[in-house]
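**Q** Have a look at this one before I ask anything.
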Amino acid sequence: VSDFDWSSIDTSHLPSSYKTNSRREKELLQLADHFFQQYTHLNPDRKPLFIHPVNECGVQKFVSTTVRPTLLPYPDMYYWSGCASFVCDYLIMEPLKCSITPPSSLYSPTTILKYRRGNCFDFTVLLCSLLIGAGYNAYCVHGYATLEMCSLDQTQELCPLLRKPPEVPKEDVPNKYRIKYPLEPQSKFELQQKVRKEKETKPAQEEEREEEVEVGKPKRDALHGLRVHAWVLVLSGKRGVPETFFINPFTGNPHSTTDECFLGIESIWNHRNYWVNMQDCQKGCRDLSFDLSDSFCWEIMFSESNKRSQLPPESPTESPKKDTDDVVSDPGDAFELWGPCMEPSSCLTFLLPAAEYENPFPGGKKVILYNKAKLEKWAAYANGDGLVERLTVYADSECTEELEVKEWFKHRKDQLYMREVNKQTQLITDHFKPGHPLLLKAHSYTSLEPETGHTVEFYHTARFDDLWKRFENAAEMTEYFVGREDFLHKRHIEFDEREKKVEKASITADANSRPIVQIKEYFHRNPEKPADEDIEECIFMVRDDIIRLTYHLELYDIIASQVVFRRLRGRKKREDEILLTKENTVKYQPWSSEKHKNLFHLNNLLGKLKAEQKKLKEQVRNSEAEV
C-alpha cells in the first residue's frame, strides 16, 4: 500500500489547460461520452470503458489527450528498450486502489515525472508518450493480467541475466553412402515385461510429480482474470519492428502477444484515437488480431484516424495539422478539429535534465527479487568503486545460501567492467575493457597475495610479445602466445622453493626470487623450414645445465629428431662457457640434414641457446614482477 498522499500535491504551477477545458476539449468530451453511452447500451455485459477520467486538478480529460509524444535528447531514449528501462527504473510502482477496476483518475506525465511514482496506467501513458515520440507505433492498453504481473512479483521468474540464448540445432547433412548398421536384436518378451512394469509404476510417479509441482507453484488466485492492468502495445512496421509485441511498464521487458500472463484487453488508445476490443478473450490474448482497421475486431471512436494511419508516418517532432474551422460536421473529422489538444509536448524535456536522467533510481538504488536470485542496481557514480549492478545467485528459494555473485562497473580508470565471484570455490574473475595499463582482459584469483594462483588474459594484439594468457602459482608459470613470428605458442617455467634465510633490511624482494628449475618452450610448425631444422620443443634445465631440443615430424614419421647439450660430469660450471665434445652432445636423428653432422653448426647452435637461456631468465623475472 502506498504511503504517498496524492491529495497534498501542489498543482499551482501547472498550466491553465490542466485546470480547465477549452471549448474544443468540451466538445471532444461530449463525443467521448456519447461513444461511451452507445457502447454501454449495446454491450451491457461489458465492463465500463476507461475513456475520460479526471486529472490531478480534478478536471475530466479524454485519455488520448493525456498521451504527450516526446523525444528526449538522450541516445538511449531513441530505442524502445531504453525508454522502457528508464520508465521502470525512474518511477516507483504503486498498486491500484481496487485491483478489479481501473483508477478514477489519470495524471499527466508531467506530474508523474515530477513525483516519480504512479500506478500501471501512469507508467503506461508515460512510456507510450516516449515511444510515440521516438517514432514507434505504440498504444496504451487497458486489460487484465495475472496477479504476479499486476503486483510486480518476479520471484517465480528466472532472472533475464541468467537466461541462456537458444541453441541453434545443427543440421545433419544426409549422406546416402553412409553405412547402415543392423539394429541389435531385442527380445519381445523383455519389451513386454518392461512396458508392464512402466504401467505399474507410472501412477505413483505422476502423483509424486504433481505433489512437487503443487509445492513449488503459487496458490490459485481467486481474482484470476479480473485483475485490471495496463501495458503498452507496439505494432510492427514503424522503426523496423518486425513483429507486434507487448511491453510490461513495471519491468520494461518485452512479451509476445501470446504470453499467458496477459488475460484480456478492453480497449487501447494513442494520442490520436481510441479503440475498443470486440474479440473474445476466453483464451487470453493468444488469438487476438491487432489489425485496427478491421471493424469486426475493433470498434473505433474516430473513423477517419484509420485513413490517416495509412498515410506516410509523421516525424516525432511534427505537430498535427490544425484546423481553424470550429464547426463539427462529422465525428470522423474530430482529429482535425482537436489536433491542438493532442499535439506533441516539450514540457517533459524540461522536467528531465541530464542530472535526473543519469540518476534514474529513487533513493539511488533498486532491488529486484527473482527465483533464486537478487538483482541490485545503482546510479552511475553512486558508489566510489563505480559499481552499478550486482546479481546474486542462490541455491535455495529462500535466498540464504549464495552460489555466485556478478558485479558490473562503469566509468573506472582501470577499465574494469565486470567481476564474477564463485562463493563455493572463492574464485574471483575480473573482466576489463581495452585500455588497461597492463592490457589486461581478464584476471582470475582467489587472493591478491603473490604466488597464490593467478590466471591473467591479455589483449594480445596490443602487446609487443603477443602474450594471450598467463597462469602463475608458487611452483610454476605457464604463458600462452598467439600469432608470433617465431611460432612460439607456449612457455612453461618450473620453480623451486626459496632458500630459507633470514631477510635483512637491505635485501629487497627481488634478491630472494624463486630459483628456476627449468624452462620449456613449444613452437608451431614453420612450413618454410625442413622438419629436422624446425624446433618443436626446447627445454632449458637450468639447475642441471641441460638443453634438450626436439624437432617437428615430417608427414608419416613417428619418431622425432632430438639434440641434447649437457655439462661434462665432474667439471665445474663456469659463466658463459661453451664446450662442445662428443661426451656432452647427444643426437638422435632418424633422418638428418648435413648441418647436424657439422660440429661447427652445433657449436653455433649451442651459443645461441646459451644466449637465449640468459634472455629467458630476464623475461621470467619480468613476468613475475608484472604478475
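Numbering starts at 1 and runs along the chain as displayed.
Cβ atoms are placed via backbone N, Cα and C, with glycine included.
Note that this is a predicted model, so its numbers are computed, not measured.
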**Q** Of the ranges 11-38, 431-458, 487-514, 599-626, which one does TrEMBL flag as coiled coil?
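**A** Within the set 11-38, 431-458, 487-514, 599-626, TrEMBL attaches coiled coil to 599-626.
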**Q** Give the mean pLDDT for the coiled coil (599-626) on the 0 to 100 scale.
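**A** A mean pLDDT of 86 is what the predicted model shows over the coiled coil (599-626).
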**Q** Determine how many residues of the domain 'CEP76/DRC7 peptidase-like' (228-301) DSSP places in helix, in strand and in coil.
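**A** Counting residues per DSSP class in the domain 'CEP76/DRC7 peptidase-like' (228-301), I get 3 helix, 28 strand, 43 coil.
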**Q** What is the number of residues in the compositional bias 'Basic and acidic residues' (192-206) that are helix, strand and coil, as DSSP sees it?
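**A** Each residue of the compositional bias 'Basic and acidic residues' (192-206) counted once, the result is 15 helix, 0 strand, 0 coil.
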